[in-house]
Amino acid sequence: MLSHLIKLMWNKRRANGLIFLEIILAFIVLFGVYAFAFYNYDRYSSPLGFSYENSIGLRLDIDDDMDSLAVLGLQERIVREVRTVPGVEAVSFLGPVNPFGGNNWGTGNDDNGFQLFTRMLFADEHFAETMELKFREGRWFEKRDDNAKYPPIVVNGKFMDEYYPNAETLLDSIIILSGDRQVIGVVEDFKYASNFAENEPLTFYPQSGFYSGDRPPFEQMIIRTAPGQTAAVEEPIYNLVTALTKNTDVVIWNMAEDRIKANRPVVIPLVILLIISTFLLINIALGLFGVLFTQINRRRAEIGLRKAMGATPGEVTAQFVGEILIITVAGLLLGTFFAVQVPLLELLPIPPKFFYFGIVAAIATILLIVTVCALLPSRQAARLHPALVLHEE
Amino acid sequence: MIELNNISKSYRTDTIETLALQHMNLSVPAGEFLSIMGPSGCGKSTLLNIMGLIDEPSEGTVVLAGREVTDYNGSKVARFRNEQLGFIFQSFHLINDLSVVDNVELPLLYRKLGGKERRRLALEALARVGLSNRATHFPNQLSGGQKQRVAIARAIVGKPNIILADEPTGNLDSHMGGEIMDILTRLNKDLGTTIVMVTHDERMAKRTHRLVRLSDGERVS
């Protein structure tokens, strides 16, 4: 029966050309959407490595004329006093790069015997507690590190996995990053740009490794509150900080909202693509319905003939579903041939596995839709009364 | 072979009930070549459809090959049609997208037969109707007489015991019609196939063993 259907569809290839083309185009679009969606879902599902749900960010303006000791003293006082605000659980200063802030800083070299590139984030000794970082090994910066022989750094797990995959520990290792630096800790994860950002190697530097004559002091803060207290603490913190800095140039933002904004550049196109794909699939489904109903109407005598010759209703249904599936499989095969070129030729900077997932998912979706859409008209065909339709002819 | 007992058939619409057959009794023994004649609309095709189990009588019973038919829609009756019955239609009903040999193979698709065996039987049937040289042609490349011969090959390819022919010569000129009758007669004589043929043509009817006349859904002779 299969060879009969293939032969029949081959002989009807001109009539079925448009369906064939529609299947290929739908497959290509779905493949792209699925690959993009899977890739971003994979990124989304990799942990950020810090808590943001009950945190606010704050940007203040420290007087440029203050000397460094005065600045450090002011920062310590701000931290101390903000912590006394009811509902506040932890307070930390950090440099110009802040989570979900849309900015980043990176450095790289080949001084360690291999090409190394890392994102950089500057934070004070309270940062790990404020962000609730989890450590794979070692610890966060402390005051005593200011006098250490080598400036300390903390790296994220990705840094270790990427550049030192065979190392049992990185603690006390000296890594050349704008000079010799000693690793004092490795945090499990830290991905700060957005949920959809790539998990990149990252190095934390203390304020002492950043604040110098030509660089400003830390002027951003992250304040973690008790659950549900982020809105309530904003006003007292604002009043406190403006009073301490004698400057009203203070901006406060909610980190959970910032996360949503940071995710938008991926979420919006993804949603648009999914909506377009849904419409495309609906279009295909309706098109198939229409084509099959028309075909069945044109082939009523043939259906009657087949039933007269011994085809059961199930065989008639199977024939029409089979016919459309043959066209679909042919379209999918050709579409897959084009689609696999993307990972094989490395046309896009996305790991190949997501394209293969995309191919499988697009095939499964189209086969499912085509089968469902073919079933109703095919069952209708199976119910045709042979004597009636043969007589019509 | 075929027994129709008190068969009636009516078609109902919202307002009208049309009686196509009334209390019809007919017995066709195995190996008989029977023709049915009558004016248009007298119920000839309805009678043939009921014998072929593609239409269900409103009343009465049909006994085919010793078995009374009770279910007209299930897979059992489909198998019975496939194995025991062959159909020939006035308008041929060939599938234009299939070659001649593929058209002939059609009834065998619904049997558990391999492709090679199907092809062998189809070519054998085509040889029987003298169309071996047209096996790979398509129906639109054939004349009316050739198309009907393909339809006959399709009807006999499954070696059925009964062939039901609905005006097989109706669309053909007298020469072509004569040829088709020759083939049917040979099938009846050589293979012992029971043939029931509806016809308008008195000359064709005279070449059969027996003639049954219908008028207004009733048997008149």
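Even glycines carry a Cβ here, placed using N, Cα and C.
Where the annotation comes from TrEMBL, it is an automatic prediction and has not been curated.
Look at TrEMBL and you will find A:20-41 (among others) tagged as transmembrane segment. Sequence-remote contacts of a segment are chain residues at least 6 beyond its ends whose Cβ falls under 8 Å from one of its Cβ atoms, and for the transmembrane segment (A:20-41) they are 13, 196, 266, 270, 273-274, 276-277, 280-281, 284, 287, 327-328, 330-332, 334-336, 338-339, 342, 350-351, 354-355, 357-359, 361-363, 365-366, 370.
Residues or ranges marked as domain 'MacB-like periplasmic core' by TrEMBL: A:76-234. Summarised as a single figure, the pLDDT of the domain 'MacB-like periplasmic core' (A:76-234) averages 91.
Among the features that TrEMBL reports, transmembrane segment is placed at A:266-295 (among others).
Note: the domain 'ABC3 transporter permease C-terminal' (A:275-386) comprises 96 helix, 0 strand, 16 coil (DSSP; helix = H, G, I, strand = E, B). The domain 'ABC3 transporter permease C-terminal' annotation in TrEMBL covers A:275-386.
Taken from TrEMBL, the feature transmembrane segment covers A:316-342 (among others).
The transmembrane segment annotation in TrEMBL covers A:354-376 (among others). Remote same-chain partners of the transmembrane segment (A:354-376), defined as residues 6 or more beyond its termini with a Cβ less than 8 Å from a stretch Cβ, comprise 23, 26-27, 30-36, 38-39, 42, 281, 284-285, 288-289, 292, 317, 320-321, 324-325, 328-329, 332, 335-336, 339-340, 342-343.
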